[in-house]
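**Q** Attaching a single structure in structure tokens format; questions to follow.
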Amino acid sequence: MDTVTTPVLELSAAQLVRNVAAVRDHIAPSRLMLAMKDDAYGHGIAWVLDALASDSALNHFGSFDVDTGLRIRECRPDARVFAWTTSADDEIAAALDAGLELGIGTAEYLQRVISGARGRGRAADVHLKIDTGLRRNGVRPEDWGEFVAEAAKAQRAGLLNVIGVWSHLAEASDAEDDEAAAAFRRAVDAVRAAGLSPRDTHLTASAASWWRPELRGTVCRIGAFCYGIRSADGPEIPGIRPVATLRARVVEVREGEATVGIGALHGLPSVLAGAPVGTPAGVRRIRAVGDVATTMDSWDGAQVGDLVSVFGPGESGESDATALAERIDTVGEEILTRLSSTVQRVPV
Ligand SMILES: *Cc1c(COP(=O)(O)O)cnc(C)c1O
């Protein structure tokens, strides 16, 4: 009997390659920046980059923080890597040394990046961020003119290359996104009027890139759809399937109840009673999620060591992580990124 009882996240490189190709075809002529925050949405940065190694058209990656950007850089010495969040001074220095592109969404951060570039003796490649209504990060339209003028001055001094202008959409309603897109276009015009010529403009992530082609810039920052994670309450997308399948093993069977070796400490939400799980005999329901094990309705012939699947393509209970997420009012990304490092990532 197999005594391994840790849960496994099976990862399909072939499916990842297909998803990335489908996304790229759909958004052309806009170019793809693959979003890799949260360890590539729980799939693992190194695995994802390895799986996509033969895709030479994919050479632009996005990370939330500098640390993640540096990990991408280690795997891809020649790729473009964009780290979009505000960072500490030592991270700025490391990012400049590694040739990362930085997202700049406050006047204060702009000054620190300029200082960092002066200290490092090399110009920083930056993407300026306008706040188009999300109010998360980004320079407000009323402050944009002064911010852009400062950036233009630093570019003339050889300390900055303004290579992009960007923002992020709320995706709450089409009308709000339309307003945000109009504010974004005005911001890009102001940057050009200041004598700068950014080659990249980017506003949209998975959902808007897919369904609102008129909002796409020259680049789309896309994570979820590349990993096969559908939007919560969104439809399935032709050609796109989940990359990951979450499986666990039966560790005990008695009196109509099977216990499987996955629980809240592995990152499974503890409120999933009633959720379907795929078993060798078809779908059965979860009874209770414990710390390291979950009880569920058993089946005829259930045996210790049997594999069940919590989500993923194929014969699983829920067809994807988003279906599981919809039960508890969250998004598929969260189901995947919550899975702890004790869940073994297994390429299939
Ligand atoms: C997460 C994120 C993305 C990618 O979003 P998806 O919906 O996963 O495609 C793009 N841009 C920013 C700023 C993000 O935080």
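From the backbone N, Cα and C atoms, a Cβ is placed for every residue, glycine too.
On a predicted model such as this, the values are computed, not experimentally measured, just so you know.
Annotations for this protein, taken from TrEMBL, read as follows:
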{"type": "DOMAIN", "residues": "243-348", "note": "domain 'Alanine racemase C-terminal'"}
{"type": "MOD_RES", "residues": "LYS37", "note": "N6-(pyridoxal phosphate)lysine"}
**Q** Mean pLDDT for the domain 'Alanine racemase C-terminal' (243-348), as a whole number?
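**A** Averaged over the domain 'Alanine racemase C-terminal' (243-348), the predicted model reaches a pLDDT of 93.
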**Q** May I ask you to report the DSSP-based helix, strand or coil state of LYS37 (N6-(pyridoxal phosphate)lysine)?
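**A** The residue in question, LYS37 (N6-(pyridoxal phosphate)lysine), is helix (DSSP, three-state).
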